[in-house]
Amino acid sequence: MLRSVAAAEPPQSPKTASQPTILAANRGEIALRIIRAGRELNMKCIAIYSFEDRLSMHRTRADKSYQIGSPETHTPVGAYLAINDIIDIAKSKNVDVIHPGYGFLSENPQFAAACEAAGIAFVGPAPEVILACGDKTKAREMAIKAGVPVVPGSDGAVKNATDAVAFAEKHGLPIIIKAANGGGGRGMRVVRDMESLPMLFERARSESLSAFGDDTLFIEKLIEKPRHIEVQILADGQGNVIHLYERDCSVQRRHQKVVEYGPSFLPEAKRQLLLDDAIKLAKASGYKNAGTVEFLVDQNDTHYFIEINPRVQVEHCVTEEITGVDIVASQIQIALGKSLPELGLTQDKIQMRGFAIQCRITAEDPRQNFQPDSGRISMYRSPGGNGIRLDGGPAYSGALISPHYDSLLVKCIAVGRDYNASRLKMLAALSEFRVRGIKNNIDWLMKLLQHPTFAAGGKVWTTFIDDTPELFRDYEHEQKCGQQLMRYLGELIVNGPQVPGQVGVPELKGEAIVPELPNAPPTAATVSCLKGWRNILVDQGPDAFCAAIRKHPGVLVTDTTWRDAHQSILATRVRTIDIAKIAPLTSHALQNCFSLESWGGATFDVSLRFLKECPWDRLDILRKLVPNIPFQMLLRGANAVGYTAYPDHVVYEFCEHAVKHGMDIFRVFDSLNYVDNLKLGIDAVKKAGGVAEAAISYTGDVSDLSKKRYDLAYYLDLTDKLVADGIHILGIKDMAGLLKPRAATMLIGAIRKKYPDLVIHLHTHDTAGTGIATYLAAVAAGVDIVDCAVDSLSGQTSQPSMGAFVASAENTGIEPSAVQALSGYWEQIRLLYSPFESPMPPSDSSIYYTEMPGGQYTNLQFQSRQLGLGKEWTRIKAAYAQANRLCGDIVKVTPSSKVVGDLAQFMVAQNLSEQDVHDRAGTLSFPQSVVEYFQGYLGQPPYGYPEPLRTKILTAKNVHPVNGRPGASMPAINMNDLKASLIEKFGDDIRDVDVLSAALYPKVFDEYRTAIDLFGPIQLIPTQYFLRPMEIGEEFEYIGEEGNHMIVRFVAVGPLDEITLRRDVFFMIDGEARVIDVPDKAGEKTAKATSIVRVKADPKSKHECGAPMAGLVVDVPVKEGQAVKMGQPIAVLSAMKMETIVAATMDGVVEKVCVKQGDYIASGDLIARVVE
C-alpha cells in the first residue's frame, strides 16, 4: 500500500478555511492520477479539457470541468498550453493549487510564474529553478560546478548545422542532438554519419519548436549501450531533500520510455554514489517538490548526469510501489506548505521493498516502427489480481483515441518480491488485457518481457529495442477474431451483401439440418466411413485401381455435387463450411461411389476471389472428413486451374502439391483439345502419383454424318494419341450437353471396341433434358463411369439426376434412399444460396445450336447482368453461336468458352453483327481474352484460326502470334523470390501452396490475403450471416479455430457521421458491449461538398505514398513534377507529439501531391504519387 499522506491534518488553503480546490492542468492518465490524489486529500477537483477531449474520462471524473476555448481559437494541443485561459478559469473558480502533471506546461517557467502572480500554489519548483533545470545547457553547467560527472558535450547551445558538424568533427561520431527545453524524447536525433547530420539537425529543431516553442539545441557525445537510470527526489520549501531510490528506464523507443523497473541492478556502492550525486544536484539548484535526476550509466557502472526533470514522471508509479510513498499526494502537500518531516518523509524512513515493473500500454503498432494509431476502442478488458496496479486514462470500451495527443492508453505496474516474480506477474497481466479496435503494443511487450536479455535483469540498454530485431519477428501477434468478425458483419450491415453476383438474401433463415441415413451407423453424421474404392488406389496404385474398375460388373458413379453441380446452378458460390457439414454422412451414403468431384476448375479461383477461402484448406478439410472415396478434380492441362498459360514447372508443382494434400484423380482436359497441352498435364499428374484421366472435350454431333468437323474419326484419332501417352482413364467431357443418345452409342461403342481394357468415364450436362437417356445409351455401349449430381442440385445446366440414374441402371452400388437423404440436405443448401440462382428454363434445347457449356450458362447470365445486358440474354445466346464461328468453330470449355462468351457480350454491347466484326476487325477494341486467343496463348485450335480475321486483329494490336505450346517458351517463375515477396507483404505464415496460388492468380491472391488480414477467418462465419446483414437483436454462435467460440449479438447501428462518413455498429460479444465504426459507402456517394473525403493509398503500390498514421501535415518539401530519389522526404507528419517523415518509395517524378501543410489526415490517406 502507498503511504497515506491524507491521514495528516487536511491542509488549510491560504485563501479559505473551507475545502481546498485543486485544478489538474493536464489530460488523460495523469489528470486522473491528480484527481485521485486530490480526493484522498479531501480536495475539490477541477479538470480542464480541449474540445477534442470533451468525451475524455478525466473530464467526467472531476467534480467540475471546463473547456478551454474552442476549435476556432485553440488547436487540440494549444488548449493545454493556453496559460492565460487556464489561469482565468482557476481564478474564477477560487482554485488553491494547480498541478501541471507531466508534459504540456509542467516545465514552463512562465506558467509557474503566472500561478504565483495569481496567488495560486504551483505543484512544482519555482520558475527560476524550472528555467535552470529545463535548460539542459544550464543544467549541465550546474552539474559541472557541483562536481557531478557529465557526458562530453557542446559548450552551450548549438546555433546551426555548421556548428553541429564542427562539434562532430572534434569529438567524433556518434553524437546525439537534444532540444534544450525538451523531454519525452522529442527534439532528439542520433547522428551516426556526417551526411545525414544537417537534415537530422533541422528535423530536431523543427520538432523542438513544435513541441516546446523553442528551437534551441545542444549536442552530446553518444555513449554506446548505456543504461538510463534516474533518481526520484522530493524536496520541500525548508531545504530538506530526500531520494526515493532509483529506477531503470533503459527500455526505450525513439528516446521515449516503454518499460521501467525499480530498483536497478547497480552494485550497492555504485548506487550510493548515484543517489548522493542526485541529492547534491537537487540542493545545488534550490529544488522544491518532486523531480527526477537522470543519468546515463556505462558498462562499467560509471554514471553521467543528463538532466533534471522538474516534474512528476510517467514512471513515478514504480517508485511509489517499491517505497510506499504517494508521490503525487506528497507533491500537493509540499506545494501547500508542508515540510517533509511533517509528512513523515525523512531519509531514514525510506526503505525499498521488492521489485516493480511498469509497462506503458500504448496505441502504437510495433510492426510499423511504433507508428501511433487512433480511432475507437471497440473493446477494453483490463487485468487484475495480487500485485497488479493500473493507472488508466483514455482507454475504455467505446473511447475515441485522438491522433492529437500522446499514445498512452494505460500503465500497468506489477509488484513482486523480486525481479522475476514481478516480471511473471506482468506477463500474466498482459495476457489478460483485451484492447480491440486500435493497434497496440501488448503482444510485443510480452515478447520483450520474455527475451533472455530482459529476463536476466539489468542487462538492457537504451537502444536495446533498435538493436534487437528479433523482438519484431515471430512473436505471437494475437488474432483479434472478434474485431475482425465485427468488421465483416458491420460492413454487411451498413453496406449490404459483399459477394459479387448476389441478388437478395438467402431464403433459408434457419440452420441446414443434416438428415439421418437409413441403415447407417448412428454416428454416420460425425464419424467418417473407412470403406471405399480409395483403399484400392492407395494400397495398390493407379494401374490396379483401373483394373478393378474394369472388372466391376456394373457402372459406377461420380458425384459432382461438390463442384460442377453448384458451379452450374449456384455460380460456384457454395462454401467449404456447408460441404464439410454433410461430408461424414456422404462418406457413408456414397461409399461405393467411384469419386467425388470436389476441386479444381472454377472452384479454385472463386474460393479466393469471391468466398475469401483458401482452396488448399478446402481440400485438406474435406479429405480428412472423407478418407474412403477418391477425390477428383478438373485440371486445365497446361493451364492448371487458371485461364491462361503458365510456365511448365508451375503445372508440375501444382500437381505435386495437390496429390500431397489428398487429390487422387485428375481429369485433364484442354479447351481446344490441343494434344501438346494435354500431354503436359498428363505427365505432371503421373509424375505426382495421381490418376491421369485424360478428357476429350466433346463438341459437334458425331451422329450427324453431314458434318465434316468433329466427326467420329476426329475423336478416335484423339483417343489414339492419348492412349499412346499412357493415360489411366479416358474421359469424355460433354460440357455443353451436346452428346445425344445415338451419338453416345456410336462414340462409346467405337472406343470400347478398339480399347476393351480402357476405363471410360462420361461427363455431360442436362441442359437439353436428355442426360439420363444419353447415360443409359452409354452404359449399353460399354461406359464404366458416369457423372451425376444429387437430385436437388441436378438437371438444367447441372449433371443428370443421381437418383434417377441409380434407379435406372444396375450395379451402381448406391442406394436410392441414400441419394434421397443427401438430396434433402442439398435442397436446404440451395435455399441458403438462393441469391445466386439464375433464372433458367427446366430445359433449353437451344444449346444444340449455341453449344454453350452448362457451367458457363449461369455464369454468363450473371456477367451479362453485371454489364447491364441482363435483358439481352436471348441476343447473347444467338451472338454466342456467331462468336464461335468467328473463332473458327472451336471446342468450348474453360478458358476457350470464356473467349467466346466475352466476344458474344462485346458484340451485343457494341451492336455488332458477325459481318461487322469481319469488316471492322482492324479498329475494334476486342476483349483481351479474345486477342490472346488469336495470338495463340490457349494453344492451337483443331482446324486452325480463321483468316484473314486473325491477321487483322494481331496487326491492329501490333502483337505477334505464339506458335506451338505457349508454356514451353515462357520464362520460369522464381518461386523462392515470389515467396519472399509474399512474406514481406503478408507475413511469415505464407506457405508453399500460397505461393502456388499467387503464381496462378497474382491479383486475386493479393485481394484474398488483404481481405483475410482485414476480416480474419471469415470462412468460419455461418453462411446466412456471411451473405445477409444481421437483424437487430439477432444472435449466433461463431465457432472459430481451435475451439474459440463467441456468442455474437447485433444491438444497433448509429447515424451517419457527416464528417467521417462512417457509422457506429454496436454488438454484444460474449456478453460484452463492443462497437466498430464502418465507412458508409452510400454516404460517400452523397457526401456534402464541404466534407473532405481523401483518397486512400494502395499499400501494395510502390508508386503511392500513404500516411503511416493520422496526424497533422507540418511540411511538404516536394512539388508536382519534381524529381525525387527513393528515401527522399516528401512530407513530414506530426501526431501524438512525434514527427514522422514520409519518404518516396522509389526513384521517379512526383506526379501528384494530395496534401498541404496544415492538413489533418487519416492513416492510409494518399500523400503523393510518384511515377517512373
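Note: Cβ is positioned from N, Cα and C throughout, glycine not excepted.
Note: TrEMBL annotation is automatic and uncurated.
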Scan 1-20, 181-200, 1081-1100 against TrEMBL and say which stretch is down as region 'Disordered'.
1-20
Per residue, counting other C-beta atoms within 10 angstroms of the C-beta, which of the binding-site residues GLU220, ASP564 reaches the highest number?
ASP564
Please report the distance from the Cα of HIS765 (Mn(2+) binding site) to the Cα of THR894 (substrate binding site), rounded to the nearest angstrom.
15
Other CB atoms, at most 10 A from the CB of HIS255 (ATP binding site):
19
Given a 10 Å Cβ-Cβ cut-off, pick out the one of the binding-site residues LYS136, ARG636, LYS733, HIS763, HIS765 that has the most other Cβ atoms nearby.
HIS765
Calculate the distance in Å between the alpha carbons (Cα) of HIS255 (ATP binding site) and ARG636 (substrate binding site), and round it to a whole number.
58
Cα distance, LYS733 (Mn(2+) binding site) to THR894 (substrate binding site), nearest Å?
12
Do you know offhand how many angstrom separate LYS733 (Mn(2+) binding site) and GLU220 (ATP binding site) by C-alpha?
79
Can you tell me how the residues of the domain 'Lipoyl-binding' (1092-1171) break down into helix, strand and coil by DSSP?
0 helix, 39 strand, 41 coil
Rounded Cα separation (Å) that holds between LYS136 (ATP binding site) and ARG636 (substrate binding site)
73
